[in-house]
Amino acid sequence: MSFIEKVRKLRGAAATMPRRLAIAAVGASLLSGVAVAAGGSPVAGAFSKPGLPVEYLEVPSPSMGRNIKVQFQGGGPHAVYLLDGLRAQDDYNGWDINTPAFEEFYQSGLSVIMPVGGQSSFYSNWYQPSSGNGQNYTYKWETFLTQEMPLWMQSNKQVSPAGNAAVGLSMSGGSALILAAYYPQQFPYAASLSGFLNPSEGWWPTLIGLAMNDSGGYNANSMWGPSTDPAWKRNDPMVQIPRLVANNTRIWVYCGNGTPSDLGGDNVPAKFLEGLTLRTNEQFQNNYAAAGGRNGVFNFPANGTHSWPYWNQQLMAMKPDMQQVLLSGNTTAAPAQPAQPAQPAQPAQPAT
């Protein structure tokens, strides 16, 4: 059955569902199609020229009880953390598979860090191993990215644990902003590209849960509990705008409108999902301005679909801005203590 036929079949079934659930179901189906359309062959340095000083590191994560693969290109004491999408692979980071990011940042004065893995994780600290797919450990990506890996990188690769940038796309767009909200010294710069910036709102928890289940059988209840759990708002960039404003974080927010340009992405899922995501990005800009935010770049062009060429274009567009912020020496954000993830009164129960 073709993708379009699947969508038509789902739309027919959705006609009997409540409206919010129907939208979520169709959206989740389209989201899974985007992942396929935006995929690529897992080849090292896929679109970067050969001979670059890219290293493949094994960084210990005591919180997850395993080593995490990290692709790394040294370039200076400050680094760009490039976070992957929903279907992150266990062999290479999507930025390496689908873009020439290593080549683009070679001799830029910035190191490049690409953590590998984390499918459907939202780079968050989960409550428990995912129920239903046999996961035998608990995702603790926030701990890894903000404590374990920075200390290891400082000791072994001379990368500072402060004054870095977090750049995320799709699933990880909001994650980048959340990392900056709670860890302002580490991330004075954060960028979201086509990110889901209000995950606790309305039908978004349902949509996210369906998409996670489709991508590896992951259970959103195991991540942040039911949609009423405070962890959803704790990890919601829209809710955490006051932190970003108080920190004076330099933010870069991009979302297309679902119309393809000469960069490509002219397929139903890529167009639909970008259009679906745009509303919350525009609302984020409005709320940010209303909260007194004055340190953001917002790009909502008259084109752009949910696909890698547009995200790479934005990465290159923000590069000079990122260099100016991170290499100027003025990377000290407002002092703030990292807030701990909300804890439930008792372990969240698996969804039924």
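Yeah, the Cβs are placed from backbone N, Cα and C, and that goes for glycine too.
Some features that Swiss-Prot has for this protein:
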SIGNAL    1-37  signal peptide
BINDING   L86, R87, S170, N198, L276, T277, L278, R279, H306, S307, W308  substrate binding site
REGION    102-112  region 'Fibronectin-binding'
ACT_SITE  S170  active site, nucleophile
ACT_SITE  E274  active site
ACT_SITE  H306  active site
REGION    332-352  region 'Disordered'
COMPBIAS  333-352  compositional bias 'Low complexity'
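With respect to their backbone Cα atoms, L86 (substrate binding site) and E274 (active site) stand 15 Å from each other. Secondary structure at L86 (substrate binding site), as computed by DSSP, is coil.
Just so you know, of the recorded positions S170, E274, L276, H306, W308, the Cβ with the fewest other Cβ atoms around it within 10 Å is the one at L276. Pairwise Cα distances among L86, R87, S170, N198, L276, T277, L278, R279, H306, S307, W308, which the record gives as the binders of substrate, peak at 23 Å. Sorting the binding-site residues L86, L278 by the number of other Cβ atoms within 10 Å puts L86 first. Taking H, G and I as helix, E and B as strand and the rest as coil, DSSP gives the region 'Fibronectin-binding' (102-112) the counts 3 helix, 2 strand, 6 coil.
Classification of L278 (substrate binding site) by DSSP places it within a helix. In the three-state DSSP assignment, the secondary structure recorded for H306 (substrate binding site) is coil.
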